[in-house]
Amino acid sequence: LAMGGNYTQPKFILLGITETPWAQAPLFVLFLLIYIITLAGNIGLMVLVWVAPSLHTPMYFFLTHFSLADICYSTVISPKMLTDLLSGDKTISWAGCVTQFHLFALFVTAECHLLAAMAYDRHVAICHPLSYVLVVSPRACWQLVAWCYLVASLSALLYTGCTFGGSFCGPNHVDHFFCDASPVLRLACSDTRGCEAAIFALATANGLGTSVVILLSYGRILHAVPGTSSAPSRARAFRTCASHLASVAVFYGSLFFMYLQPASRHGSRDKVASVFYTVVSPMLNPFIYSLRNREVKAALEKCRRRVLNL
């Protein structure tokens, strides 16, 4: 038995994304396909950056860590969700539930801070090109990434402690497809108001803090672009910013919906919102942030020629 506060809790039962029998097989096929595309896209991007010298730049350095975060937190969620869609046994041990939530919180928080670092990198590159090499040096890149993981690690410890630190002595059915804070806290038999307030404050600090950096960076970029480039370059920059901001809006919008609303308002829509940032966003990010770039296309073509020559 695993300890939960003052009581023992042998296991949790995840109710899953749906309890409708006929929908589970089609959803399994859909989410398996999405997960395969997620792994292929993100691992492919990381390998391409590693083998292509032309992509050894700060932007793609951040993108490889961004892809790593996508791979990690989608892998924390998707395999268990896929197994539960086909299996009648949807139990998860106390330790498994704690581990799943902790790793999810770690990599999602890291992704928020990596998005802010990437936006800052683009802001310096476009608005201050002459000082870019000095400001975004290799040392600065490593420091920014280390900061992202440090803040994420400390935040994940606090999120996990607040979520699982109370007493669990009653129902053990988690109304979700993974161990998330809100559905787990609903099962606690101790007073959770303090924990909910702490999670809300921490989510606000991480979410709003990084989103402000992102919006300010892209705002400065959009303000600077019209006076510094030709019409085709401006159009390309605006399209790039629009696609990046659309991705950010989906990711942060679903996160804010989940974590920046009162506990009493959580319900069945939580699962739909969660699908966007746990399943859909990691699949789309490689296409939005890299595979549409000229540098990546050129590197892919060079690798293709190299393979054909071999």
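Glycine too: its Cβ is placed from the backbone N, Cα and C atoms.
TrEMBL lists 27-52, 59-81, 101-120, 140-159, 197-216, 237-260, 272-291 with the feature transmembrane segment. The domain 'G-protein coupled receptors family 1 profile' annotation in TrEMBL covers 41-289.
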Contact between the transmembrane segment (140-159) and the transmembrane segment (27-52) (at least 3 Cβ pairs under 8 Å, separation 6+): no
The transmembrane segment (59-81) vs the transmembrane segment (272-291): 3 or more CB pairs under 8 Å: yes
Close approaches to the transmembrane segment (197-216) from elsewhere in its chain (Cβ under 8 angstroms; 6 or more beyond its ends): 109, 112-113, 115-116, 119-120, 123, 151, 155, 158-159, 162-163, 181, 248, 252, 255-256, 259-260
Outside the transmembrane segment (237-260), six or more residues from its ends: residues with CB under 8 Å to it: 108, 111-112, 115, 119, 126, 180-182, 199-200, 203-204, 207, 211, 214, 218, 221-222, 225, 229, 266, 269-270, 273-274, 276-277, 280-281, 284-285, 288-289, 292
Surrounding residues of the transmembrane segment (272-291) on its own chain - C-beta under 8 Å, 6+ positions past either end: 17, 31, 34-35, 37-38, 41-42, 44-45, 60, 63, 66-67, 70-71, 73-74, 77-78, 104, 108, 118, 176-178, 180, 243-244, 246-247, 250-251, 253-255, 257-258, 297
Rounded mean pLDDT for the residues that make up the domain 'G-protein coupled receptors family 1 profile' (41-289): 88
